[in-house]
């Protein structure tokens, strides 16, 4: 009689392990069960009602954050390197662009690796102090990024709207603005470390952020005032600046067309390479900037407001989107403020020829660098 082996083999063992994990996912366990004991005091009772997230979500989140981190660190690193080592790009206006890229570089360089590790472990594994510092860093770099975009908008407003009457920004002026941005942002983001507001793990337990379930006056006032200081105020100022920039450029284009008509010429410009008018280009870039900014931070703001005002049920899966969209902001900022800069493209192709998809990069002009171009060519 043949003796049949009772060993199920490695394939069956793996299947049993996966089945056990899926059984836990469908059982009475909660998303909090994997949280380490020293983190439990930071977990709000709200999260105890949700089952563990499907491991596939953790895997997908870790993969996406890893890819975004690589793109952001590489892209922003190139922006900082090119702008700081190319003589023609060392202008006061571009100091703000470098600050934006540096902030976005730090965000993903410091925040993507811990989150990937936590996604692999399906919970926060670095302890309470690291959770506080992680959340503080995320808020700091996000606020620095937002206010740097605001200062860039101010610089363009000063050069384009005021024209020759504007006082040009100096190197010292740009550095002073950078110092103000970091000091202002730091003051707001370290406040929870000293008792005004609180940083806690997010619902997916792999990242940390503001506590939007604490209904205390201290915590609610912090979230509301912080949203005004680092969301509504810069948003209003950016829209204000671009509104008058578009208006000024449209008026300038109209005046040039009328003058050309009086002189019986097609155009006063030396080269009209595109049919699209300058004001339309400017409006598109302004719309892109503000739209991407909205896309990045509005989901996180909605989650915070939904928590403190109890307007919707926040699940662990919902909190994933706040983390992904906010961190994605660090990826496309260098595209808007760096790649669209013609001199940056030329320097990039010169240093890394393999990145060029054409034999000679064409200088089609960049509305994103309108302030710099106007400074360099005041007679234009």
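Each Cβ is built from the backbone N, Cα and C atoms, and glycine gets one as well.
Marked as transmembrane segment by TrEMBL: 60-83 (among others).
According to TrEMBL, the domain 'G-protein coupled receptors family 1 profile' annotation covers 75-337.
Per TrEMBL, the feature transmembrane segment maps to 95-112 (among others).
What TrEMBL lists as transmembrane segment is 132-154 (among others).
According to TrEMBL, the transmembrane segment annotation covers 174-196 (among others).
A Cβ distance under 8 Å defines the sequence-distant neighbours of the transmembrane segment (223-251), meaning residues of its chain 6+ beyond its ends; these are 139, 142-143, 146-147, 149-150, 153-154, 156-157, 160-161, 184-185, 188, 191, 197, 210, 212, 278-279, 282-283, 286, 289-290, 293-294, 297, 301, 304-305, 308, 370. Annotated transmembrane segment per TrEMBL: 223-251 (among others), in sequence order.
As annotated by TrEMBL, transmembrane segment applies to 285-307 (among others). Tertiary neighbourhood of the transmembrane segment (285-307): same-chain residues 142, 146, 149, 209-210, 212-213, 223, 227, 231, 235, 238-239, 242, 245-246, 314, 318-319, 321-323, 325-326, 328-329, 332-333, 336, 340, 367-368, selected by CB-CB distance under 8 Å and a gap of 6+ residues from either end.
According to TrEMBL, the compositional bias 'Polar residues' annotation covers 359-372.
The region 'Disordered' feature in TrEMBL is assigned to 359-380.
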Are there residues at least six beyond either end of the transmembrane segment (132-154) with Cβ under 8 Å to its Cβ atoms? List them, or say none. 93, 96-97, 99-100, 103-104, 106-107, 110-111, 114, 126, 177-178, 181-182, 184-186, 188-190, 192-193, 199-200, 207-210, 226, 229-231, 234, 237-238, 241-242, 245, 289, 293, 297, 326, 329-330, 333, 337, 371
Please report, as numbers and ranges, the same-chain residues at least 6 past the borders of the transmembrane segment (174-196) whose CB is under 8 Å from any CB of it. 92-93, 95-96, 99, 132, 135-136, 139-140, 143-144, 147-148, 151, 210-211, 218, 221-222, 226, 229-230
